[in-house]
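Peer 1: The following block contains the structure, expressed as structure tokens.
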Amino acid sequence: MEGESEAVSPRKNTASTTSEFVSESGSLEEADASPDDEVDEMMSKRQKELSFLQRRAVHLAERPYLYFGVALLISLILSVIGMVVGEFTVSVDQTGWLSRGTMISERHAQYILSYHNREKLHQDETGEVWDDLLNNVQPGWESSVRRRLSANLDEHLDTQIETSDFYRKLQNARSSSVLANCDLSWYGKRMLGGRHLWPVGKVKDVAKDNDVLLNHETFLDLCHSEQKTQKFLEHNGLCFGCGGNGCLPPYSIIFYARLTVPNGLYSDCVTLAADWETYNVNNPDFRNGLYDCVDDLKTTYDFTRDGSTLPSTCSNHFAPTLIDTKFDASNPLTYTSSIFATKVDDDSIQLLFDNVHNFDKGTERIEAAYDTKREHFVQLEINRVLFTDMVLATGSAVITTIGIFVHTRSPLLSVIGLLQISLSFPLAYFVYTFVFHLTFFPFLNFIGVFILFALGADDIFVAVDKWKNARIKLGPDAETTEVAAQALPDAALSMLLTSLTTAVAFFGTAVCPVAPIFCFAVFCGLLISTTYVMCVLMVFPALCIYDKAATLTRKMKDIEEEAGEHNDPSFQAESFIRRQMSRFYELIHFYRYGLLFVILGVFALCTFFASRMEIPTSSDVRMLRPKNEFEKSNHWRQNLLIEELQKETGTSVFVMWGVKPADTGKHSDPSSFTQLVLDSSFQPSQTANQLYLLDFCERVFQMDFAEAIKNETCVMKQFDYWLQSQVDADQKDQVYMDYCNNATAVPVPPEDFDACMTNWSQEYKKDWVLSLDGQVAIMFLRFRGRVRYDSPFSKLKSEWHLIEDWFENERSHVAPPGVNQMYFTSDDYWWYDTSASMINTAYVGAGIAIAIAAFVIFITSLSFMLTLFSTIAISYVLLSVTAGLVALGWTMGFLEAICFSILIGISCDFVIHFTHAYALLPGDVDRSTRTKTAVVEMGPSILAAAFTTVAAAVIMLFTSLIFFVKFATILLSTIIQTTVASFLVFLVIADVFGPSKPASFVQALWSMVKGAEEASKSVDEESSRLSIVDESN
């Protein structure tokens, strides 16, 4: 029995009779038993033969409780400091989503500061306003550019509602119960202000041939629906216009009908529906006139030219808010809208949003979707669902926790793994706040929790599997210190490779000039770094504690020489997985050439379809799912004729002199804006400069990209007209006589220009020219552009370059010195710059991720071939994911670019694990053995990480925000394709072409270099010796 026992457990009593160590070749050897002093001497010798990392691992294994306790204490202290002293808060107000620090953004920053403060600057007699803007960084300013109308119809289009016939008809109805004591002036420009409740209705039961606008039943449904909503608004004091608690009727087809049919203002819905139908049957000219009006609006009406004067064929109480773009004699009405006279303060809008469920949504014939014109409900809905979505995204971490427990089969390792991942968040925030001095924490950073759990679990899987593999290899009786010496350095290096590439990929995304993306990139890079450090400091000691406990309780029973199976269920499961990985390798090895051919074909297809990824046709960004009521309201609103007319108006583009493009604030913090930076070279007083400024208006308006705005004249033209008017005036202005020296027109004598123009602008409140200390400092000009923020990206890009090229030619070749530093800007082009920056970030991030991964792989493997194989596999991931998104109909828009920027770093991890495992075997080992070892050693960890990440991503597919949904979709695609790339693309290529000695070529080159250096050194020494001999002779 004694001999049998020794056969079964040859390493029994290892601590007293044998000592296992790592030799220079990396193999494990045994030392025979010896007296204590000889044992100590031998142990000391063997200890010195260990590498630095192995000695640290042994030291950790000898004192795991000390290491764990110190790491936990320090991390808790730093976490508390970070979260409490750092005043952790999440910004959910969606600020900062515009580029900073780019040429376009710096131009617009100065425009915002100067133009929006022009009244204060113009009236600043003490210089305090100028001093504040010039010397102090101003608080953050957020442009609502995505939803602001650059050429608002509510500024210009009053739909003729205030014309005499209509107004007289309303005045005659004042005595009625319908409009008694009502403020009828609301039906005009105020009505189109954009903050009123403005539902859009989708007509499902369209009108027939003899119907006008709506059929009888649909008309009746709409009337009743409006009455129900109006009643609720009146009861809750949310509307106004008719004294007391009374409210003006909403402007809609119903109100249009009331104004059209006799006594319509006094009729109930049933009577009005019947009268409307009868009126249209008896008045065919009315129907034809309506069609003529619509045709003229679509064909001959030009907003810039005609302004508020609608075609003569349109009735006085008609507005393009009533019909959709396709409506005409041949196409029935499919979309319409109603504008309620609701209160417009923020509290009232919040109450409207809170009670939207009480508004009538219509019937099966016509459905209503509520919001304001400027989409206030969309913003409030985003804020509402943001927290629930973040909770759901965080809840996906539960899946990761379950995956950790299933993989480790140890409550201890699972709890400590969850603890170290959880602590990584506040530790990263500590560094984020106190080292990087970042104060803005956007809601996007919260996605870092998901990434943290996904990649943190990957580190845990790698550490646990490396330990188990070492334990299986060394046997159940090996000391914990021996296992640690072999497993921990290997695990640390393997984790470092993926953590380094992923962190650098995230840090590389910090080139993005959009604050939330910059902050997110930095924070995620810190999360990856801290979770790696915490895994080394907490999970490694936990593995030692777990292993010692397992050894003491003698859970291991049987030892198989090759598989090393025993009773510990976690090791049995590992052995089973290893066997499955071995079988998988045999399968791909048998079919490797056929698989290689398939991979090449798939790679070519992915490349083809990925190249078809397009830029979106609209630069507008939608954040809610299409089925959301407020999102439906926006989608349906785009079909209204008023929206089409609005888009045709283009954008307001501003030209500025006297300010330099600059943004002196903290670009990563939306609460920090900029100072005003004046252009000291601006000297408009010179004669040639005055003439150029005067002529500039005509020059720019002759270009196709610019159109004059109705009733608006350039400030230099106004100044010139005023001077000319003073020449023949019977009574000249006092300003003219005091400051203009009898100038008859522009140019004014240079010595009189500043005083004359400054005092003229003050007298007549011309705040488009601003003066400082009696000198003209800033001038503005505005023209109408042809594109808007929601125009196709390619159109925005080409238009910006067209205008910029013209201005660059003016600055370089036409404008005289002193007025040749002007530039143009607009909200729309700032948004274009933001979108372009995001798309460029995605491409730059992809390049950085691939380059860093290739560099890391080469440094660790010293193999050009493995670096090439890995780069091909990572490129396949990016191409296949992009091709899949093309198949889904996606375009490379703003949100898609953000998601790509986030996930590029993740695409490298699995491939790097296999590459490292392939190159890890020392010496000359055939490619088949290397490939099989890589699959068996790292396959279980990769599959576990892939499974938990995919499961968690599926949960995120059920969130409400499109951003989270798209993030989950791209993450799901990335993980699936990364798994395919690592298990098929890389392994098949390595199994067919992989080197047996990965580092041989680099080592040979290094030997050649060293040999050449030594030869050169020998030659130098020989030459020196001969020189000495010659001198002695």
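Each Cβ is built from the backbone N, Cα and C atoms, and glycine gets one as well.
According to TrEMBL, the record shows the following:
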COMPBIAS  11-26  compositional bias 'Polar residues'
COMPBIAS  27-41  compositional bias 'Acidic residues'
DOMAIN    413-545  domain 'SSD'
REGION    1-42  region 'Disordered'
TRANSMEM  65-85  transmembrane segment
TRANSMEM  385-405  transmembrane segment
TRANSMEM  412-434  transmembrane segment
TRANSMEM  440-464  transmembrane segment
TRANSMEM  491-511  transmembrane segment
TRANSMEM  517-546  transmembrane segment
TRANSMEM  590-610  transmembrane segment
TRANSMEM  842-859  transmembrane segment
TRANSMEM  866-888  transmembrane segment
TRANSMEM  894-921  transmembrane segment
TRANSMEM  942-964  transmembrane segment
TRANSMEM  970-993  transmembrane segment
Peer 1: Have the transmembrane segment (412-434) and the transmembrane segment (517-546) got at least three CB pairs under 8 Å, pairs 6 or more apart in sequence?
Peer 2: yes
Peer 1: Would you confirm whether the transmembrane segment (440-464) and the transmembrane segment (942-964) meet the contact rule of 3 or more C-beta pairs below 8 angstroms, pairs 6 or more apart in sequence?
Peer 2: yes
Peer 1: In the same chain, which residue numbers or ranges, 6 or more beyond the ends of the transmembrane segment (842-859), come under 8 angstroms Cβ to Cβ?
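Peer 2: Distant Cβ neighbours of the transmembrane segment (842-859) are 497, 500-501, 504-505, 508-509, 511, 866-867, 870-871, 874-875, 878, 892, 896-897, 900-901, 904-905, 907-908, 911-912, 915-916.
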Peer 1: Which residues of the same chain, at least 6 past either end of the transmembrane segment (517-546), have a Cβ under 8 Å from a Cβ in it?
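Peer 2: 57, 60-61, 64-65, 67-68, 71-72, 75, 410, 412-413, 416-417, 419-421, 423-425, 427-429, 431-432, 436, 438, 440-442, 444-445, 447-448, 451-452, 455-456, 459-460, 463-464, 467, 480, 484, 487-488, 491-492, 495-496, 499, 502-504, 506-510, 667-668, 838, 841, 898, 901-902, 905.
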Peer 1: Taking the transmembrane segment (970-993) as the reference, which of 385-405, 590-610, 942-964 gives the largest number of Cβ pairs under 8 angstroms?
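Peer 2: Answer, by Cβ pair count: 942-964.
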Peer 1: Go through the chain and flag residues at least 6 beyond the ends of the transmembrane segment (942-964) whose CB is under 8 A from any CB in it; none is fine as an answer.
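Peer 2: Beyond its ends, the transmembrane segment (942-964) has Cβ neighbours at 382, 385-386, 388-389, 392-393, 395-397, 399-400, 402-404, 406-407, 447, 450, 453-454, 457-458, 461, 577, 622-625, 628, 895, 898-899, 909-910, 913-914, 971-972, 975-976, 978-979, 982-983.
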Peer 1: Counting only residues 6+ away from its ends, which parts of the chain sit with a Cβ under 8 Å from the transmembrane segment (590-610)?
Peer 2: 872, 876, 878-880, 882-883, 886-887, 984-985, 988-989, 991-992
Peer 1: So what's near the transmembrane segment (491-511) in sequence-distant terms, Cβ-Cβ under 8 Å and 6+ beyond its ends?
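Peer 2: Sequence-distant neighbours of the transmembrane segment (491-511): 53, 455, 458-459, 462-463, 466-467, 517-518, 520-522, 524-526, 528-529, 531-532, 535-536, 540, 841, 844-845, 848-849, 852-853, 856-857, 860, 901-902, 904-906, 908-909, 912-913, 916-917, 938.
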Peer 1: With DSSP as the yardstick, break the domain 'SSD' (413-545) down into helix, strand and coil residue counts.
Peer 2: 115 helix, 2 strand, 16 coil
